[in-house]
Amino acid sequence: MTDSPTAGTPYGTLPPASPLPQRRPVSLPRLAQMREAGEKITMLTAYDATFAAVADAAGVECILVGDSLGMVCQGLPSTVGVTLEHMAYHTASVARGLHRVQGTAWLIADLPYGSYAESREQALRSACQLMQAGAHMVKLEGGGWTAPTVQFLVERGVPVCAHLGLTPQTVHALGGYRVQGKGDQAAQQLRRQALELQDAGAAMLVLEMVPTPLARDLTQALPRCHTIGIGAGSGTAGQVLVMHDMLGINLGKNPKFVHDFMRDAGSVRGAIEAYVQAVKQGRFPDDALHAWN
């Protein structure tokens, strides 16, 4: 058996890549061009080779190997139990899937709980492990206290995506899965943190469960940092969902900000293509249904 990009295996076949002339590798400059042109950025989580390859073939620009794998794949009650070794394993699996189909997606991997808070040096060691596994960028959660770490990583050639609003690694300190940034004081704090992270060099910023007007204002205030919303309304530069949520195959009730794209699509690839088109065309999220004002 050959190891060509579209070779079959005894256990299934990864989807073929589109013709190469139609596929431009996603990069930070390209994401900046998309934003300048007003084109929304699409992102989904993936934790294995097959789902990553299908997402890439369906046109998703960014794939996130999220520490949400702890809840989705491992059955943990939160993301806190996910280790760096878990993240490296799944990142390598996703990277191999993209390689096999000549994928072009930008690959982001979460730095898990306890892998970057001790020191900037610890963060760099952890980031290097994920980059060596195949990530193009690492994501970390936290406010202004992470800005020195972000700057340290960026100066050493590690692209960084920050994460504000609801930060699942600290959900116990936040008092549960609640909307963040409500009220003037909380909104001002989020804005200050976002600007600090942009100044530190963060190229992307996930905004999770943040009121729509605040997320829109932050997006306008961050020209060098692409905002990716999840439960943050339609005014961000892009959107992200957990793959299993948008396919309707989670074990619980979907969060308010999720739409089940599988319900009408009939196939995994069809559902992902529907998600991409809905985001691109401004039909998802619907601020009246999937967000907080």
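Count begins at 1; order follows the chain as displayed.
Including glycine, each Cβ sits where the backbone N, Cα and C put it.
Feature annotation from Swiss-Prot assigns region 'Disordered' to 1-25. Per Swiss-Prot, the feature Mg(2+) binding site maps to D67, D110, E141. Residues or ranges marked as 3-methyl-2-oxobutanoate binding site in Swiss-Prot: D67, S68, D110, K139. Here Swiss-Prot flags E208 as active site, proton acceptor, drawing on sequence analysis.
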- Task: Determine the Cβ neighbour count for K139 (3-methyl-2-oxobutanoate binding site): the number of other Cβ atoms within 10 Å of its Cβ.
- Result: 24
- Pairwise CA distance, E141 (Mg(2+) binding site) versus E208 (active site, proton acceptor), rounded so that it is a whole Å: 11
- Message: Long-range neighbours only, meaning 6 or more apart in sequence with Cβ under 8 Å: which ones does D67 (Mg(2+) binding site) have?
- Response: T79, V82, M87, D110, P112, Y113, P168, Q169
- Message: Within 10 Å of its Cβ, which one of these recorded positions (D110, E141, E208) has the largest number of other Cβ atoms?
- Response: D110
- Item | Output field, 3-methyl-2-oxobutanoate shell: CB within 8 Å of site CB centroid, site D67, S68, D110, K139 dropped | T45, L64, V65, G66, L69, T79, V82, M87, A109, L111, P112, P168
- Query: For S68 (3-methyl-2-oxobutanoate binding site), which residues in the same chain are close in space, meaning a Cβ under 8 Å from its Cβ, but six or more apart along the sequence?
  - Reply: T45, T79, P168, V242
- Item | Inter-residue C-alpha distance, E208 (active site, proton acceptor) and K139 (3-methyl-2-oxobutanoate binding site) (nearest angstrom) | 13
- Message: Taking DSSP as the reference, which of helix, strand or coil describes the residue listed as 'active site, proton acceptor'?
- Response: strand
- Query: If you run the three-state DSSP split on K139 (3-methyl-2-oxobutanoate binding site), which class comes out?
  - Reply: strand
